[in-house]
Every structure is written in structure tokens, then in C-alpha cells.
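Enquirer: The structure's right below; bear with me while I get my questions together.
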Amino acid sequence: MEKFSDAVSEALEKAFELAKSSKHTYVTENHLLLALLENTESLFYLVIKDIHGNPGLLNTAVKDALSREPTVVEGEVDPKPSPGLQTLLRDAKQEAKTLGDEYISGDHLLLAFWSSNKEPFNSWKQTTKVSFKDLKNLITKIRRGNRMDSPSAESNFQGLEKYCKNLTALAREGKLDPVIGRDEEIRRTIQVLSRRTKNNPMLIGEPGVGKTAIAEGLALRLIQGDVPESLKGKQLYVLDMGALIAGAKYRGEFEERLKSVLKDVESGDGEHIIFIDEVHTLVGAGATDGAMDAANLLKPALARGTLHCIGATTLNEYQKYIEKDAALERRFQPIFVTEPSLEDAVFILRGLREKYEIFHGVRITEGALNAAVLLSYRYIPDRFLPDKAIDLIDEAASLIRMQIGSLPLPIDEKERELAALIVKQEAIKREQSPSYQEEADAMQKSIDALREELASLRLGWDEEKKLISGLKEKKNSLESMKFSEEEAERVADYNRVAELRYSLIPQLEEEIKQDEASLNQRDNRLLQEEVDERLIAQVVANWTGIPVQKMLEGEAEKLLILEESLEERVVGQPFAVSAVSDSIRAARVGLNDPQRPLGVFLFLGPTGVGKTELAKALADLLFNKEEAMVRFDMSEYMEKHSISKLIGSSPGYVGYEEGGSLSEALRRRPYSVVLFDEIEKADKEVLNILLQVFDDGILTDGKKRKVNCKNALFIMTSNIGSPELADYCSKKGSELTKEAILSVVSPVLKRYLSPEFMNRIDEILPFVPLTKEDIVKIVGIQMRRIAQRLKARRINLSWDDSVILFLSEQGYDSAFGARPLKRLIQQKVVILLSKALLKGDIKPDTSIELTMAKEVLVFKKVETPS
């Protein structure tokens, strides 16, 4: 029985299937040839590519030849190998024997085809102008002395080409982005690579700081010759772990593939450098039932210095995987890649701007680059520069690109208006009213005018699109010219360099300037093709849910009147409103301590005076919705073990993977108002967890991950000292000061809270009991809310002073604050109106007024002024 390699066995099976599906009686050499050509990873296909043949041309010719084969019209077909195929396989077996191989592989079949003179292969062979002897020499060169001694041996040839990407080739073709501002790290990498032994740099840094970019920067320097003499002419390859592992079905197959890559690198006499991204994935890869993992295969070559390797991994993975394997760790030289500063990140973005402008066909302003860095640094704390800033620029540019391809809003609105007018015109025609003709004529005039306006808008839109499209094409041409200039300079074609640098490139740059000027001078622009800071803010807002763009639109004015905005909802608490407003203003302009939370407040006071309401009002004002407030009822945290609810369970306990309610809430929404309700009810061990949060703005969860709390506002509420506070306020009346109130409450507070906990609170804010005047204001606020809800049903609600007086007198209770008032309004007003709505006494498009009749609350309909 013949021994075939896996690739040839697969090709023979495909050939039989192809003959059967095509209703052919014989499996011919052309069926096999087509099956071999379809496997682009096979040795057969790779050799054809190496001789600069055109596989596509041969594929077409073979399909054409097979279409002329005789077919069976009816019944099932069981195709048999043709005599030609049997001869071909015998010839391939002879070639294998000549080369000393046990298995017939793709290169043996290619040699057999070459000597067979079968059509259409023979005609295609003539186009390559390669002799049988040249082909055999090429195969010997590719094999590098290896033998076909296993079914999978064929997949191990040309390991570099199969399982690696040539970064220097990509750099030469201009497919890599420019690398800006990493000169020191690239120099350090070159220095380590130039060592005699252990010449293997390990790039260690957080995700997104630019480790892969350093490898790309080295590739760019290699093609420019900007490296020491010892590295000139070397090729940099990046190992594709996915390709290496994919399809390795049998034990040992993965190791064979990796060994083939290492053998190719070592046989290159130091001309090849391998870059392994996420190098920690090699530790343990392929190790099953005592088999060696990939890292152990690398160690001997790394130690000898015959393998030049650059690794890249994050600090966490380095500690978790590489440091544990001391033998592997000592073979690499660590190079720490830090996150760039804000200035360096802007510098990097400037270098990449042109690439993104050309790709998206937009313009990116300097302000957009600065905003991308600053806003990503401030509002996306769990990712790293420059990656997060680049992502912002990319997404903002793609948003503009999408808008350019969509119908502009003014045209869309006019088209909708036109459609509505045409529908109305048809309705008038059907009515045939006395004034029908007059109305129809007037309608037609409006339609004609609108159509004319639409035609003008569409013409302007088309012109703008043409200008923008033309600009994109010219910028693409400019990039191609600059790349051609660099290429010509590398090969010392100075005539071409001079032509491009001093003639063609300046001319095209001038044309681009003129087109941009004519685009900017257009009146009533329909398309925006500029990425600015407002758009970047919009993208940040979409990502994080934080209304960042409001700050750019002049939120400063709003912040100056923050007290007034809060007092519309929280009545009678001037101390708390003023202190919280000052803290938020300082945070918004960036003058607060960046290493601490935005604010840590303790609201002290009796029930129903507005402590929770102020927290809700802050969330609404800062983030446009009350849901941005994360609330924790501390009566649920009265046991020591309830700490795990906040930060997550420790390893080995149930719920470890779920995370904690506080840590996960702040990880998902770092900009939040966090409310700890009734803080005195929590266990002291639970409060100790908050010490680190309030002091450093950091929370360490059950998985030892650091959660950034620096952008959250922490509010605690408590009823501690409420009797003393109420008693003091009733005695002093209106002569109250914050310091005096705190002097009364502090002794009681110290019995519940530890000194170190109290020391980390920014401000303790007393909430005083509500007066009758405060209750009157609260009644007005509550009634306006009810009126707002009715307005959505097209019902206008009003009330007279007697209603306010009645509700404030009935709902006032100094011990319980405003909560009894809310219940009273629910019973007296909401229930009254809901019954009337259900009975049909109140209908949409009506106005009603609440008033008092013999100590009873009633409503009456009011005529709406015409």
C-alpha cells in the first residue's frame, strides 16, 4: 500500500469527491491537480508560487479541461482511478524513492506532473520557463535536507512563510503605521539584539502602550538601514500563534510545526528575528500528558543565541507565567514600556493623523487630538494611552465618514415635508369641497417651491461629495508618492527622488490646499468633514455615559448657579447645598486632588429632610439621570462577612467570579454618585474597606484588581445625633451656624465612627429640621411634578393658594420631615385625579384647577383661553 502525506491523502479524497459530484466515470490527474491547487497551504502550491508561476491561470485551465470530460446522465457514479492517474502516482513514488522519502508528498507529485507532459499542465509549464532540473534544485533548497518521514512532515516545510508574517516586507510595502516617540525603547531593543548571547529583548508593558508598535518601528528601521551594521539586512517575522495551533489535531503536530519555524530561523545564520506577541501563551502550549510545552522547545536556542527573539507581554502575565519559569525568564532581557505622558501621546497622534485622514477621507483638527488624549485620560481610566486616544480618533472619523455617505438632515427633512404635502393634496382632491380648486392650487405652489429647494440642496450635496471624494483620492495619491520617494531614496534613484520631492509632491499638496479652501468657502455646508473636539467629546459620552460634551458647551455658567438648581429640589438645607456645589465646581475645573475621589460627604440629620433627595438631585444634574446614583442600604451590611457583597468573594468561595456590587458598579461607571444610606448600621469591618477608597481613590476587589474610584462622588447619610440636633435647632431658631450644630452632634458621632474614618471625610454636613415655610415650598415642588405628568396627557393642572396652605398644614410633622407630606399628596391629590381620569370626568385637551370647598379638596374645569 502506498504511503501518502496528509496533504496528498486529503487531495486524493477531494479528487474522488469532485469526480463523483461531476458525474465523471474516472478520477483523472486533472481532478487531483485541481484538488492540490485548492489547498493554498500545501507544499505543491508553495513551490508553484516560488517559481513565480500563476496558480490562478492553471486553476482556470484545469476547470475548463474537466468541463469537457464525458459525464454519466443517470444513476449513481463510482469513479475509478484513470490509467493516467495511476501512472502519475507511480512516477511520484519513484521521485520519493530517489529523494529517500518514506511518504509521497506534494513536491513529488509536482515533479511527476512536470515530467508527464499532460495537458493543460504542460502548456502552463511552458509559461514558467523553469526546467525539471531547476525545479528539483528549488525543492531541495526548500527542504533544507529534511525528509518525508511522517504523514505530517509536509506541513513542516517553509515554517517561517506558513506560520509567520514578514514585518520587514510589510514595512517595505508601506503597510505599517509610522512609529512615533518610542526611540528610546527601540534603541534599547537594538542594543539587546546586538549582544552575543541571550540577545532576546522582552517588551513588558500594559495593554495599549505600544509594545507591538516598537517591533513595527524596528522593522521600519531595518528597511531604512537605520540600525547597527550587525543588524543590517536582517528580516523581522511575527509568529502567528493562531496559524501554528490551528489544525494541529494529533499529539506532537504542534511541536513539529514550531520546530520547523525554529529550524528555519536557525538555518538563516542569524538573518531572521522572530517577534512573539503575547509570549506568555507559549508557556504550557502543546503540553498534554507529560509532553514538552512550546517554551521548553525555545530555551536551548535562546540560550545559545542562535534564535533572535523579541517577546511582548503584559506585566501581569509576565509575573504569572514567565517569572515562574526561571530558566525561561533568564533567557530574556526585560525592557519596560511605560505609558506615554499626555504630551507624548499628542505627539504620537500627530504622527498618525495623516494615515487616519487618508483612510476615512476627513480632516482631523489639532483640537481633536488634544481632546482625544485629555478626555480619554480623564474619563477612560481602565485603558492606556496612546491606544485609547487612537481609538477615539478612529471612531470619531468613522462617524463623520458614515455621515458623509448618508442623506444630510436638511434634505431628509425637506423630503418628509414634501411627502406630507403630496398626501395632503391627494386628500383635498378627494373631498371636492367648494374651495377645492383654490386649496389645490395653493398646495401645488408649495410643492413646486419645495421641489425646487430640494433640487438645489441635492445639487449642493453632490458637489460637496465630489469635492470630498476628490480630496480623499488626492491624499491617497500624495501618500503613494511619499512612499515612492522613500523607496527611490533607498535604492539610490536620485533622479526619481528629485522629481517627486521638488515637482510632483509640492504640486499635489498645492492642489489639496486649494480644494480644502474652496470646500471651506462654501455657504450652507451640508456635510461635516472635520473631526473636532466636540465630536471627540460625543464619542466619549457614547462610550462612558458621561455627558462630557456638556462641559465643552459652556457648562461653566451652569456650575456657577449650581446652588439655585439644587434648591429647586432640596429645600431648607443651605449648608449642604453650598458645600456640595463648591466641591463639584473644584472637581469640574480640575483643581481638586487628583488622587482622591471627587468628594466624600456625610449628611447628618433626621429622617425626611432631603438627604437622599440631594444625592438624587446631584446625580441628575451631573449625569442627566437619577439612575447614575448607586445606592447601598447599609442595614444589609451589618455582619463582617457582608464585605464580600461589596468587593466580591475571596478565591475559593462561592460567587468569586461574580465580583462585588460596589467594585463592579464603579468599574462599569467610574463617574457615579455613590450613596451609602444609614452608614451607622454597617459593621465596622465594612467601614474599614472604605478607608482606602476615601483616602487614595482605589478599591481592591476580591480578585486583587484595582478599581479607580477617583471620579466618583461618595455620600453617606446617617441619623446619628438627630434628637440632639432637633433639640438644638428648636432652641436656637434661625440663629444657626454649621459649626455650632456640629459641636452638638460630634460627641455622639464619635461613639459610632472611628477617628481614622471621620478623618477621611471631606465635610460633615448637618441637615436641619424643616420649617413650615420649607414645607410650603416642597408642596409647590410636588404639585409641579404632578402637573408635569398630566401635561404628557394634554391636561393642564393649576391650583390656588388654599390648596397649598391645606396640604402644608396637614402634611407638616417636625419629627418626620417631608415624608408624611408626600403620602398626603398621594392620598388627597393623586388618588382624586386618577379616579376622575378613569371615570372620564377629566379628558385630554382640558384645563382643571384644584381648590378647597368646605375643607375638602376638589377640582373644577377651567375654560382654556382661545
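Please read every residue number as a count from 1 along the shown chain.
Placement of Cβ uses the backbone N, Cα and C atoms for every residue, glycine included.
Annotation comment: Swiss-Prot describes Gly605, Pro606, Thr607, Gly608, Val609, Gly610, Lys611, Thr612 as ATP 2 binding site, evidence class similarity to another entry. According to Swiss-Prot, the coiled coil annotation covers 390-524. If you look up Swiss-Prot, you'll see 1-145 marked as domain 'Clp R'. Annotation comment: Swiss-Prot describes 4-69 as region 'Repeat 1', evidence class sequence analysis. According to Swiss-Prot, the region 'Repeat 2' annotation covers 81-145. Feature annotation from Swiss-Prot assigns region 'NBD1' to 158-339; the stated evidence is similarity to another entry. Feature annotation from Swiss-Prot assigns region 'Linker' to 340-545. Per Swiss-Prot, region 'C-terminal' is recorded for 770-866, and the stated evidence type is similarity to another entry.
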Enquirer: Using DSSP reduced to three states, classify Thr612 (ATP 2 binding site) as helix, strand or coil.
Expert: helix
Enquirer: Which chain-mates of Thr612 (ATP 2 binding site) that are at least 6 residues away have a CB under 8 A from its CB, listed by sequence?
Expert: Arg631, Leu675, Asp677, Thr717
Enquirer: Within the region 'NBD1' (158-339) only, compute the mean pLDDT.
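Expert: So the average pLDDT across the region 'NBD1' (158-339) works out to 80.
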Enquirer: Provide the three-state secondary structure of Gly605 (ATP 2 binding site) computed with DSSP.
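Expert: Its secondary structure by DSSP: coil.
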Enquirer: Would you mind checking how many other C-beta atoms are within 10 angstroms of the C-beta on Pro606 (ATP 2 binding site)?
Expert: 21
Enquirer: For the domain 'Clp R' (1-145), what does DSSP give as the number of helix, strand and coil residues?
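Expert: The counts are 92 helix, 8 strand, 45 coil.
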